[in-house]
Amino acid sequence: MAIKDWHEEDRPREKLLNLGAEYLTDAEILAIFLRTGSKQQSAIELARSLIDHFGGIAELLAAPKEAVLACHGIGTAKYAQLLASLEMGKRYLNSELKSGNSLNRSQVVKDYITTQIRRESKEVFAVLCLDNGLNLLDYKVLFVGGLSSCSVCVKQVLRHALEQGASQIIIAHNHPNQDATPSAADIHLTQTLKLACEAIDLRLTDHIIVGRNQTLSFAETATAPF
C-alpha cells in the first residue's frame, strides 16, 4: 500500500508536523528525505531496507557512493537527496557553533567532528580553533593523507591557530575503515603537539579520532597526554 493511502496519523510527514520529529522512527525520517519508494516498495519500506542493509542512518550516510547506488530503488536523484541532507546538517552545526554556541561538552565536539570527516575515504587531519569560552573560531582540514596515514606538520598547525587568534585548539583525524583506537603514532603526535602548544601559551584541549563505528576523545578516555 502506498503511503498516501495510509491513515493520516500514520504518514511520516503528518506525524512530523502534528507530533514532532521525536515521534518518528529512523526509517520514517529517512523516508521523508527519500520522498518516494520504488514500484515494489513504499518510501518507508525502502528506508527500512537501507537501514537494515547498512546498519543505521549514520552508516548509510558514510557508505561509498557505489554501495548506496547498488541498492534497489536508489538512483542518482535519491543519492543526491541523501548527500544534501547530510550537508545541511553539517552546515547547520557549523552555523550554530560559529554564532556563539560553545563546544563545552565532549559529545557536542564528537558529534560535530563526526559529521565533518566520517565520510572521508582517506585519512585527514583537521583543527578546530577556539576562543577562551570554547566558541568555534574556525574549522579546517589541514592535511590529507592516504588510506592509513597522514603526515602532519606541527609548525603549520601552530601557525594556523595563531592566525585565527585561537586560545585553544582541538585536533581530529579519521581512521577510514578501522576502529577509533589510537595508534602509537597518534599518541606520540598528540604529546608532541601538546608540548609545542604549551610553549606558545596555546592549549590543546582534545584529540578526536573518528573510526568506522566509533568516535573517541583522548580527553574523555584519559588517553595520554590528557
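Placed from the backbone N, Cα and C atoms, the Cβ positions cover glycine too.
Feature motif 'JAMM motif', per Swiss-Prot, maps to range 173-186 of the set 5-18, 173-186.
The DSSP secondary structure for HIS175 (Zn(2+) binding site) is coil. Among the binding-site residues HIS173, HIS175, the residue whose Cβ has the fewest other Cβ atoms within 10 Å is HIS175.
For the domain 'MPN' (102-224), the DSSP-based tally of helix, strand and coil residues reads 38 helix, 34 strand, 51 coil. Taking the centroid of the Cβ atoms of HIS173, HIS175, ASP186 as the Zn(2+) site, the other same-chain residues with Cβ within 8 Å of it are GLU123, CYS150, ASN174, ALA180, PRO182, SER183, ILE209, VAL210. Every protein chain shown contributes to the tally, and the Cβ of ASP186 (Zn(2+) binding site) ends up with 18 other Cβ atoms within 10 Å.
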